[in-house]
Amino acid sequence: MDFDRSIKIAPSILSADFADFGREIRAVEDQGADWVHVDVMDGHFVPNITFGPPAVAAFRKHVRTVMDVHLMIAPVDPYIDAFARAGADIITAHVEAGPHIHRTLQAIRGAGARAGVALNPGTPAESVEHLLDLADLVCVMTVNPGFGGQKFIDMTDKVRRLRAMIGDRPVHIEIDGGVDPTTAPALARAGADVLVAGSAVFRGGSVSNSAPYGENIAAIRAAAEGALG
Ligand code: DX5
Ligand code: ZN
């Protein structure tokens, strides 16, 4: 997994058919997805429950690109090894999930995965300032985590600040929540390179009719790349 700042589209399988994850993952990858985003929720840190390490291990068999695992769970440290063993390429933990995010990022790298740190909309960019040498990715939430299909919250200014803080470090800026062709351009211009999208990728398509997935991915990519000029 080499580092670059090209635009990457990461469909969130939270918007996929939950009875058919394998085919959904293969469909979005065939249709141009760069990464596959997996949202893990615990009904405690966020008010929704999705899947645990055995499910993520099952997804792994179908992912040929990059499996990007977003942990919306607290506590997070006791589960890092299990998600690393499940085959996550990137494990992202929330800065709000506990008092020791520095230790959490060390543990993620120690388990052999790339380390991501996510910020809720109410959390300032400065909260990760002292973590940037320990992180491979900063995830800026543009919705309050817990559900797909929510209204976008503008965090362009936060992205711009993070981009300046990151400087030359090989750290991705990922956006998660409400990304579509209308919201992507300003985020790309501000410095985001990984765009997670659930509803805006899966809408209009299905495993037996996956061309809309490709059109949706291409539309988000074109909007973001167009903004970079
Ligand atoms: C929200 C999740 C997101 C979600 C995005 O808690 O972290 O990844 O699936 O869904 P959309 O793109 O529909 O806002
Ligand atoms: Zn997510």
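Please read every residue number as a count from 1 along the shown chain.
Just so you know, glycine gets a Cβ as well, placed from its N, Cα and C.
Within the same chain, residues at least six positions away from GLY178 (substrate binding site) with a Cβ under 8 Å of its Cβ are THR142, VAL143, GLN150, LYS151, PHE152, ILE153. According to TrEMBL, the substrate binding site annotation covers SER12, HIS70, GLY146, PHE147, GLY148, GLY149, ASP176, GLY177, GLY178, GLY198, SER199.
For HIS70 (divalent metal cation binding site), the count of additional Cβ atoms within 10 Å of its Cβ stands at 28 [all protein chains shown]. Annotation comment: TrEMBL describes HIS37, ASP39, HIS70, ASP176 as divalent metal cation binding site.
DSSP classifies ASP39 (divalent metal cation binding site) as strand under the three-state reduction. Feature annotation from TrEMBL assigns active site, proton acceptor to ASP39.
A C-beta separation below 8 Å, combined with a sequence spacing of at least six in one chain, links ASP176 (substrate binding site) to SER12, HIS37, HIS70, ALA118, CYS139, VAL140, MET141, THR142, VAL143, PRO145, VAL196. The feature active site, proton donor is assigned by TrEMBL to ASP176.
Listed in sequence order, SER12, LEU14, SER15, ASP39, GLY198, SER199 are the same-chain residues at least 6 apart in sequence whose CB falls under 8 Å from the CB of GLY148 (substrate binding site).
Highest local Cβ density among the binding-site residues SER12, SER199 belongs to SER12, counted as other Cβ atoms within 10 Å over all protein chains shown. Within 10 Å of the C-beta of HIS37 (divalent metal cation binding site) there are 29 other C-beta atoms, taking all protein chains into account. Between the candidate binding-site residues, ASP39, GLY146, the densest Cβ environment within 10 Å is the one around ASP39.
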